[in-house]
Amino acid sequence: VGRIAADHALVGGHKGPVLDIAWCPHNDNVIASGSEDCVVKVWQIPDGGLSRTLTEPVVDLVYHQRRVGLVLWHPSALNVLLTAGSDNLIVVWNVGTGEVLVRIDCHPDTIYSACWNWDGSQLVTTCKDKKIRILNPRNGEVLNEALAHEGSKATRAIFLRHGLIFTTGFNRSSERQYSLRAPDALGDPIVMVDLDTSNGVMFPLYDPDTNLIYLCGKGDSVIRYFEVTPEHPYVHYISQFQTPDSQRAIGMMPKRGCDVSTCEVARFYRLNNGGLCQVISMTVPRKSELFQEDLYPDTLADEASISAEDWISGADADPQLISLKGGYVSQAQSTTLTVTKKSNVLDKMAPKSGGPKTLSASTGGSAGASANGSPVTVNNGTSGGGGGSTSPANGTQQITIGGVSVSGVLASQIFSPEFRKQFANTFFSVSVRNAPLQEQQFGELRTKFEEEFRKLKAIIVKHENRIRSLEATVKAMTDRGLTEVDGAGLAAPAATTGTSSSPAPSSLPPTSDETTAQQQQVAAAGDGGGNYRNSTLEPDEV
């Protein structure tokens, strides 16, 4: 809380402004971010925070053609991430493999918001075309759609735990309003209430344990909270939290991060216009110090219910729940997000026959050495030179590393074209770097360099003498006020700036204080018409 140092460690890998972030609900060390650079990055934050600026993500998710303004994790499936961009596309990713699971292209305009339902089997979205849609996230099918709010400003929608949909938006008069709808009757709202005339977009933050909805408007200085119940009027206004500063953005702590000993039911991190991150704690006043069962029913755990493969194949599961009695204790061990890239089908193709398959860095034909000094031999049906081994008769590749042979399908998968190229580059760079020069080659190279340095030094000395001679000549001519040399080897005086029309004398007698070098230079200068004599200088150099 407060101002951070100028050299504070950050997550700084994007090439454009970051538009949205989302912490993974199943791994407290993983965060996803979308940016204007069209790339979604997934980061692994180390335990204890950052000690230096983090620039290398775990994986880059590249698919969108325009900026990515929305990232959202699946509530119960592991490593399933939804992203939406200004290219009007929704993409569902398997972060564990870095591949696209689903591409949804049913929105004609910018997507404002998206939200999973309780078990992640459906998706609700709002769009700039003023419509709200319920989608099947596995195939992009539109299950239902209707007009959300009549206003042209941004709208947002969230799925409540029991299946209802809560939306915020504007009416035709640009007044802010919220509504409660049933999924099978989107066009007929259960509740539609006008709030005020402010123009800030409202962000609904939902607590499924207590059925409380917190409305936080961008640019507002208040946070209103409502309770959703099955009885009329369904959405009950509770109270509001007032601050003197307006807010630019706000985030909500998961319930397992709240302090149960003080009856804290919500905690917000609120970014003010001044850049300060303000922590706001919502507590229920209770005198008893015992655990309050009604305030803290079982809440969302940090464990996934199903895998991404099970979810995309059609399985659904409710999120895992845990009790907060006695405080939150993580049941899951601190895990590191690992990304396993699926191999390309082209990598499994058998290599073409006829070409040499043995990599060797030494000139004697023997097997090369790996970076740690172990011999590495790669064969494809033929024996490698020197210490190489021979592959089986069926033509499968065989790799021998440090005396351990790997052959068959495993060798074929390991030694793909991409791996072969990377291995060869590393192999030869290590060999060249470590190969000693022969003594004779070193001696020849040294003699060659010494000869080149000697020639270069002679050229520099020669040019230095010429420059000094020319500088002396120019200085002498400047002192005498001469600008050109006549045909008799004498210099003519410079023309004056006066109005006299008398011609300049054709020649001047040489002075007695001229040095021998200056006289020779004047005599060698020629007649001024390009006829130079006794001169080693080219015309343009003179």
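Start at 1 and count along the chain as shown; that gives each residue its number.
Cβ coordinates come from backbone N, Cα and C, glycine included.
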So which range, 26-60, 166-200, 446-480, gets flagged coiled coil in TrEMBL?
446-480
In the repeat 'WD' (11-53), how many residues does DSSP assign to helix, to strand and to coil?
0 helix, 19 strand, 24 coil
Summarise the repeat 'WD' (61-103) as counts of helix, strand and coil residues per DSSP.
0 helix, 25 strand, 18 coil
What residues in the same chain, six or more past the boundaries of the repeat 'WD' (61-103), come closer than 8 Å to it by Cβ-Cβ distance?
16, 19-26, 32-42, 109-111, 113-116, 118-120, 123, 125, 135, 137-140, 300, 304-312, 316-320, 337-342
